[in-house]
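Notes to accompany the following structure.
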Amino acid sequence: MSDTGTIPIRLSFGGGLEAYFSNKRTQTVQVPSKDESGAPSNAAFLIRYLHENIMQYHGEAKNNPFVTPEGDVRPGILVLIGDPDEIDGELADWELEGEGAYVLKPNTLVSFISSLHGG
Amino acid sequence: MNDGVPDDVKNEIFAALRFGDGEVERKGGREWPLSGDEYRRYGRQLIMPEVGLAGQMKLKNASVLIVGVGGLGCPAAAYLAGAGVGTIGLVDADDVEVSNLHRQILHGTAKVGMSKVESAVLYINGLNDEVQCIPHHERIFPENALGIISQYDVVLDCTDTPASRYLISDSCVLLRKPLVSASALRTEGQLMVLNNPPRPAGDVHGGPCYRCIFPKPPPAASVVTCGEGGILGPVVGTMGVLQSLEALKVIIATSSEEDTPMELDEIDAQQQQQQQRKKADPPNLLLFSSFSKPMFRSIRLRSRRADCAACSAQASVTVESLNSGSLDYVQFCGVSSPVAALQPSERISVKSFAQLIADSEQEVHFGRPLAAPPVVLDVREKVQFDLCSLKGSINIPYSVISSTDPSATGPSATWVDELRRIPLDQALYIICRLGNDSQLTVKRFRELALDEGGRRRIVDVAGGLKAWRDKVDRDFPEY
Ligand SMILES: [Zn+2]
């Protein structure tokens, strides 16, 4: 991994969350390769980074559609990770990949999908 | 045995013959497991190795419950009935409305006002009178869920609220029923086969339940209904059709020890069954995004959660807790409270608002209007504004308003600047579809200092265009 500062992360949004990310279902963002403490950036850092730097939301924290006031991903959102080193590149529930501790690699695909309820 | 017939075909024939006990037709001394009509009706799926005679017999003996006879339940019911599922139960308390018809394909214009379950039974009987339909004209509640679901082999969750989704999943875990769960909104759909295999709570080899995937419900305010967000018919239809497909697969894959043909090599048959059981698909979520490429994505899901409230060894959801009513699903999922953000002085009724408009349109004796025309800001999304709007109203979508940062320094948004140019003695009247976003807009406008320190009135038109149609203009379109 490079020390040059940022790594590209591929994002996708679904279930309505795209509305808070420029209405784009997919986009690639440059994310600092190290977190505030100098450790390699992980999925938990990515969520914090997206919330503070990329997301467009200016309402009350309790109604934030992406993270809870405590900074966790809000209930009802699935976080999915596609590890670029895995051959099939299949997306998996991040709980299978270490959740917030998953260390980001260049071109990791991270997908945020809000559950739907209509029928 | 070496008689030139492959073993799997033989297995199937013997199995089918056993299934047919007591239901065989006698013709010319031969006994057939299906009637001549059934052979003809199901011929196109009978000749598929995935179904075959054994599969068809399983379908015929199976019972499927469809909870919710709407955009998902209608197509699911149609395909399950067409395929010859023996018994189909239908749960819904609602009546058919004209706004259902673009997607709920079992109902029709002539059935508006009829109960959805009755309409569905009529359709299914017309399609295939071999199918036994059981209508449950009621909503699913903790008090009736176990009683209804226990009568069926497989359950389809075709409902539209988080509360019903948790209730149905919990019930399926308690009763050990596989659950095919789907949902849809706007251009997207989601599909999961849950509790499959339906092992008892605490058995780690069982499939995950809805709570394993979503331990906590989303905040009520974040839940968008099809009525609010919109839904494309073929999108929800696709999900309903996929639910029927998954249900057929679950039924056909069911291995039933007691049906093992004794005449065949028993060890072989048992091994086959064990292999089949192992092959049960690992849990996954199918995402359908109809305006993306690719349209479909499959996500690997976790297995059962070790601390799941429903399906783990330490489950708190029990038959007793469900029956006693101590599990309140509506409270668990929360209720989105109606917006009440404003003082009475910041609101106007649609009737007074209509009078205001009438006054401004009326010429008085000295050739001047009684009042200047009110500035009306419609905060619905543009696509809705384009459908119908009040004469002279200006569209600023709430999504634009809410994404404008009031704390930002530097140049403000163009729309804010334009509103500032309106003379201070002109009030701003805010209207939306139902009267919620308009209240939030009044609050947000104050945060953006558009009230100029109280020198400009910003007024919510209470109840929105719905109230306008109900109380002022019956011809204003309803959508
Ligand atoms: Zn569970």
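Glycine too: its Cβ is placed from the backbone N, Cα and C atoms.
Automatic, uncurated: that is what TrEMBL annotation is.
As annotated by TrEMBL, active site, glycyl thioester intermediate applies to B:Cys226. Every protein chain considered, the tally of other Cβ atoms within 10 Å of the Cβ of B:Cys226 (active site, glycyl thioester intermediate) stands at 23. According to DSSP, B:Cys226 (active site, glycyl thioester intermediate) is assigned to a helical segment.
In the shown protein chains, 25 other C-beta atoms lie within 10 A of the C-beta of B:Cys432 (active site, cysteine persulfide intermediate). Per TrEMBL, active site, cysteine persulfide intermediate is recorded for B:Cys432.
Neighbour count (other Cβ atoms within 10 Å of the Cβ, all protein chains): 15 for B:Leu101 (ATP binding site). What TrEMBL records for B:Gly71, B:Asp92, B:Ser99, B:Asn100, B:Leu101, B:His102, B:Arg103, B:Lys116, B:Asp160, B:Thr161 is ATP binding site.
Here TrEMBL flags B:Cys209, B:Cys212, B:Cys308, B:Cys311 as Zn(2+) binding site. When secondary structure is read from DSSP and collapsed to three states, B:Cys308 (Zn(2+) binding site) falls in the coil class.
What TrEMBL lists as domain 'Rhodanese' is B:370-477.
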(message) Given the recorded positions B:Cys209, B:Cys212, B:Cys308, B:Cys311, B:Cys432, find the one whose Cα is closest in space to the Cα of B:Leu101 (ATP binding site).
(response) B:Cys432
(request) Return the recorded positions from the list B:Gly71, B:Cys209, B:Cys212, B:Cys226, B:Cys432 for which some CB of chain A is under 8 Å from the residue's own CB; sequence order; 'none' if the set is empty. (result) B:Gly71, B:Cys226
(message) Let me make sure I understand the structure: which of the binding-site residues listed (B:Cys209, B:Cys212, B:Cys308, B:Cys311) has the fewest other Cβ atoms within 10 A of its Cβ?
(response) B:Cys308
(message) On a C-alpha basis, identify the one among B:Cys209, B:Cys212, B:Cys226, B:Cys308, B:Cys432 that is nearest to B:Asp160 (ATP binding site); the candidates are the recorded positions.
(response) B:Cys226
(request) Measure from each Cβ of the binding-site residues B:Gly71, B:Ser99, B:Arg103, B:Asp160 to the atoms of ligand 1 and list the residues where some distance is under 6 Å. (result) none
